[in-house]
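**Student:** Below you'll find the structure I mean.
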């Protein structure tokens with residue numbers, strides 16, 4: 001009896017002391033500044049959204065975060081090295097969709113999609129169609145009607161080939177039953193310049209670009225589920241009868257050696273930042289759409305996105321050669 | 001009156017301190033090849049979160065303008081552009097330094113940079129909204145022709161050697177296509193290796209092409225790196241001021257070109273420098289001396305590249321479209337601060353924008369004293385450094401610079417490989433500048449071409465898209481003039497019975513023509529004789545093979561992705577065949593053998609290359625600090641031609657430790673780069 005009691009008590013005590021130890025170390029995380037690698041050049045959407053996070057990071061975690069850049073090969077350079085980083089949770093990396101699904105399909109890029117461990121996808125920048133302020137096209141229907149009569153004549157400037165813009169454009173052409181020409185530029189800046197300057201009929205860009213450019217451009221439709229707080233007057237594609245929503249998703253990934261509890265903890269941190277009112281307000285007024293795809297929802301989300309991008313890749317003939 | 005109030009705001013002691021500190025930090029970072037303005041600006045962004053927006057912007061702007069200027073130091077003193085903006089500064093700055101006018105070149109660069117910077121910033125202050133429209137007038141076809149215009153400079157850079165220059169440009173263009181293509185999305189010429197997936201980074205390649213050959217030749221002889229003319233090792237401020245005053249037209253033209261090109265998103269300081277250089281050369285009566293140490297070339301480039309700073313802010317602040325990478329970062333910082341960019345910014349946030357612009361103006365003026373001081377110190381230390389310290393220091397800088405671009409050791413290895421090849425082919429008359437032009441302008445030309453083609457094809461107006469737009473026609477005309485001008489000038493000179501420009505340029509012995517002799521003339525060299533040039537013929541055969549492989553490699557690519565590779569490889573093949581045919585006929589101009597005072601040691605060269613190679617490959621395995629320290633000492637030994645007492649070696653050991661430690665700190669703790677630690681450290 002006594003022995004049994006002692007055993008039980010002992011076990012309970014051991015459990016009590018053991019549990020808090022591991023819980024404590026995760027609870028204490030982070031105990032020093034973290035490093036956040038952005039696999040792109042500074043100044044893009046990935047950088048800006050990370051900077052927004054950085055501005056409230058200390059408020060949420062009690063520690064600073066340092067942003068470093070490791071650009072190259074559209075992000076592939078950094079992602080292919082992600083798993084070589086120590087998995088202590090202190091180094092995290094920005095991760096993007098559709099990039100990390102499409103790149104491995106295009107050829108050998110040093111990683112495959114499932115090598116990477118995203119722990120939270122915290123926002124996306126929805127695709128949107130832009131035209132010049134005084135364009136003859138007042139609504140999306142005007143543009144579609146014109147495109148139907150003049151196959152191939154409508155040109156859209158977008159950021160990069162095989163990008164979210166390119167996928168969105170292919171899907172829209174398919175849904176609307178039209179043929180338009182996608183003209184890839186080397187980034188959001190140059191492609192918005194082309195739209196502003198009237199070099200192309202319009203632009204297939206991210207809604208976020210519309211915030212900077214202001215009233216010189218007109219947004220005809222945005223690929224989000226609901227209208228954006230920053231653009232209450234712009235209809236969604238869904239409202240107009242085209243079942244498409246999406247754009248480029250951005251999240252946070254960790255090396256695959258990172259223990260399960262830390263993955264959850266980092267996912268929680270990102271989620272808490274997402275719930276921070278200041279952060280939320282800044283992001284939404286910038287045209288970003290916050291998403292709460294936490295670590296526990298990641299499996300289902302990735303499965304869904306991979307299927308969607310596989311269909312898109314087929315439309316763009318990616319992975320044929 | 002309101003504007004004057006903003007001016008007083010900008011003059012607060014805190015803002016002045018930020019401007020001065022920013023300029024000094026920027027100049028130092030810009031002077032180190034590979035450490036870029038964008039990097040410095042990105043690092044400081046978090047600090048500006050806690051400052052008032054205008055103060056933060058002043059700090060960022062000051063660093064940016066300082067860095068663009070600082071690039072001139074490395075260009076003049078070690079023939080390596082510290083930032084891509086100063087590529088054209090090497091053309092004349094380094095020859096000037098070689099013959100003992102390094103101090104003068106630095107002072108000229110400083111004055112020109114300040115004037116150019118002021119023109120850019122004043123345009124931003126007074127003319128921003130109307131000038132922003134310029135950015136919008138440039139479409140894909142204009143970018144394409146602008147890149148072509150930049151490429152026509154090759155004809156000027158390789159007078160008497162045009163065929164080799166064109167081949168070099170094709171090589172550079174092919175290099176620019178490596179990696180994932182922006183248009184078409186093809187993965188091109190990566191040889192299945194991840195190293196090349198991100199392309200050949202052009203900053204790393206730039207360092208390799210320009211700097212590695214200098215290092216290899218530095219160890220070969222006892223000759224000092226730079227000559228010092230008697231008593232002229234100072235900064236020669238009065239003299240420089242006189243030259244700039246005489247060149248006021250050049251300064252003004254280059255500043256305006258720089259401002260306008262700065263406004264174009266995606267063009268940037270390198271193109272601004274190249275275009276104004278070629279314009280200065282075309283307009284100068286001393287055109288034949290460009291590329292051989294002509295002060296006007298330095299002035300043109302430096303005035304233009306600093307003018308791009310103010311110019312670049314115009315689309316950034318007015319349209320919300322960043323003109324250059326540092327602008328993009330500053331734009332991001334503004335967004336995080338909650339400032340809405342766009343046409344209304346100047347009225348709604350006037351206190352921030354105007355305080356910032358005045359801050360930028362003040363920072364630009366502060367560049368004059370700060371730059372002259374730093375320049376004087378940098379010049380003196382490069383002269384005073386013994387070779388056995390100069391060689392490892394410069395080599396160390398190339399390793400750091402190429403690594404820093406992407407925090408990637410593979411870039412360092414590419415840098416070294418490209419550099420060794422550059423040294424080798426340079427001996428047979430293939431100089432690095434055309435290769436660099438091809439590399440830098442290649443992607444702009446290709447994207448512009450394919451975009452124009454796509455738009456033209458879609459709208460059924462292909463010819464009109466390429467040749468029918470007024471701006472395009474103007475740029476094409478300018479390109480044609482640059483291309484044909486040397487021939488035209490030759491023709492006119494022959495008619496007058498004077499020495500033709502090509503002859504002057506290749507021999508530089510004759511001082512005929514109405515050349516004013518007030519500033520120092522280039523060194524004279526022996527005239528090139530015609531004859532068999534077997535080395536170049538053999539190289540041309542290699543290039544022909546390369547062209548074949550490149551063409552064959554383009555077979556599997558998409559239509560969009562293969563147009564350019566196929567065209568360029570065909571062109572390379574044709575040019576190589578032409579060189580081979582001319583060579584077999586004995587109609588080439590072989591490169592004269594090197595003229596040095598002392599004996600040339602190829603053993604030292606080989607040893608240096610070996611150390612360099614081992615260093616670059618062991619860096620990630622063993623670690624940055626250990627390999628760098630060992631390599632530093634080893635190169636010091638190779639670079640030393642005399643017997644030196646043990647005590648001197650001890651001192652050099654300490655210098656090695658200090659250099660490695662300081663740069664480790666700068667990179668790991670200040671610039672927050674990811675450093676390779678390897679097994680040791």
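Glycine too: its Cβ is placed from the backbone N, Cα and C atoms.
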**Student:** Using TrEMBL as the reference, determine which range in B:326-351, B:352-377 is annotated transmembrane segment.
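**Tutor:** That would be B:352-377, per the transmembrane segment entry in TrEMBL.
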**Student:** Check each of the ranges B:256-277, B:278-299, B:300-321 against TrEMBL and return the one annotated as transmembrane segment.
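**Tutor:** Going through B:256-277, B:278-299, B:300-321 one by one, TrEMBL gives transmembrane segment for B:256-277.
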**Student:** What range among B:435-455, B:498-518 does TrEMBL describe as transmembrane segment?
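**Tutor:** It is B:435-455 that TrEMBL annotates as transmembrane segment.
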**Student:** Helix, strand, coil residue numbers for the domain 'DUF1468' (B:538-676) per DSSP?
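**Tutor:** Tallied per class, the domain 'DUF1468' (B:538-676) gives 104 helix, 1 strand, 34 coil.
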**Student:** Do you know the mean pLDDT across the domain 'DUF112' (B:16-437)?
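**Tutor:** On average, pLDDT over the domain 'DUF112' (B:16-437) sits at 85.
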**Student:** Considering only Cβ pairs within less than 8 angstroms, which of the stretches B:195-216, B:467-488, B:606-637 has the most against the transmembrane segment (B:143-160)?
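**Tutor:** Looking at each of B:195-216, B:467-488, B:606-637 in turn, the most contacts to the transmembrane segment (B:143-160) are made by B:467-488.
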**Student:** Okay, the transmembrane segment (B:352-377) and the transmembrane segment (B:57-78): do they have at least three CB pairs under 8 Å, pairs separated by 6 or more?
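**Tutor:** Contact between the transmembrane segment (B:352-377) and the transmembrane segment (B:57-78): present, because at least 3 Cβ pairs are under 8 Å.
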**Student:** Under 8 Å for C-beta pairs, could you tell me which stretch among B:20-45, B:195-216, B:352-377, B:467-488, B:606-637 has the largest tally with the transmembrane segment (B:435-455)?
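**Tutor:** The stretch with the most contacts is B:195-216.
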**Student:** Three or more CB pairs closer than 8 Å, sequence separation of 6 or more: does that hold for the transmembrane segment (B:352-377) against the transmembrane segment (B:20-45)?
**Tutor:** yes
